[in-house]
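Listed in TrEMBL for this protein:
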- 40-62: transmembrane segment (TRANSMEM)
- 74-94: transmembrane segment (TRANSMEM)
- 173-191: transmembrane segment (TRANSMEM)
- 203-223: transmembrane segment (TRANSMEM)
- 244-264: transmembrane segment (TRANSMEM)
- 284-301: transmembrane segment (TRANSMEM)
Amino acid sequence: MKNGMIECSVCHSKIVSPTTRAVSRAYDQHRNKISSKYRALNVLLVVGDCVLVGLQPILVFMSKVDGGFKFSPISVNFLTELAKVFFAIVMLLFQARHQKVGEKPLLSVSTFVQAARNNVLLAVPALLYAVNNYLKFIMQLYFNPATVKMLSNLKVLVIAVLLKMVMKRKFSIIQWEALALLLIGISVNQLRSLPEGSTAMGLPVATGAYVYTLIFVTVPSMASVFNEYALKSQFETSIYLQNLFLYGYGALFNFLGILVTVIIKGPSSFDILQGHSKATMLLIFNNAAQGILSSFFFKYADTILKKYSSTVATIFTGIASAALFGHTLTINFMLGISIVFISMHQFFSPLAKVKDEPQNGNLEVMEVHDNHRSKDSSFINMASHRIGQDERKPLLPT
């Protein structure tokens, strides 16, 4: 974008850049009219996310020895980022080999340098994710796996507020009520969940738990919103190239964390494989797959769907932790889960959708009633400039 103008990716004509509010409105309307192919993709993303997110706290719990970790959590995060970098490189090479004639080469130096400059914002969520991944291990010292999963659902409300502030996303009153129901469901599950009189890390459990919960909810919420904005704002860039930058930054930040640990604990802590077991290797694989899947959520779906899909994993986590570790499924947990699912149904109900307002911006979304197109076909009219159905993408200024 230069001098308030953007260039069309189809015909390369220059048009006036739309306002942030108009972009948000267009994206919301576009999301409501997506084709069945993208709905199927969303279903696959949700199912995969449920399995991976549900397994994550269980694998962390299995990795504990005598209530603690024999390995450095930062080393797990560093190895996870390396695994994701390797995956991004492999997929980038695969995509480069199957490029169409006339497309700009993905592996050229100029393409890489330009993409690196355009996607420098990915360093922000990478840093926040590095902090959050460490917090996941700390939370296991206070709560059982099912409770950790329920607490993570608090992120949905924080994310909604950040989306409204940063990306000007609009939510209806019904959707805000659904988010309030979600908090009620989490609160019901948390009643009498902490053992009385127990301590951890020299702090009373109540104090330490609340402090870490606040950070555990805020940091990844900011990371998710910045990640979605960064990925969609450079939509033309290959997602594997963007992942390479994101995971590269993540590996760098986690390596710096390892160096800080070496300074504090001595050179012996530099052995990143020390204390690892089969459970930790599975944890690394699970975390890598979860991170890769999340990037597709943020680029092709949205953060709210990602976080709501994670709530579905709560049932799986609770049942699995009860079967494997003997944790009790209380009536509070069952009631909390019920309220959470009522919240999900209410949030995504057609009645909860935001009603369209008269458009005064430079960006307008219109429907095409054409006998040669399907019922779902639509196009984006950007100052009377039309883009066909195949080129529809989540809309953000580039």
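A Cβ is built for glycine as well, from the same backbone N, Cα and C atoms used for every other residue.
Between the transmembrane segment (284-301) and the transmembrane segment (40-62), three or more CB pairs separated by 6 or more residues in sequence fall under 8 Å, so the two stretches touch. Residues 147, 150-151, 153-154, 156-157, 160, 311, 332-333, 335-340, 342-344, 346-347, 349, 351-352, 354 of the same chain lie 6 or more positions beyond the ends of the transmembrane segment (173-191) yet place their CB under 8 Å from a CB of it.
Listed as Cβ neighbours of the transmembrane segment (74-94) (distance under 8 Å, sequence separation of 6 or more from its ends, same chain) are residues 106-107, 130, 133-134, 137, 238, 240-241, 243-244, 247-248, 250-251, 254-255, 257-258, 261, 272-274, 276, 280, 283-285, 287-288, 291-292.
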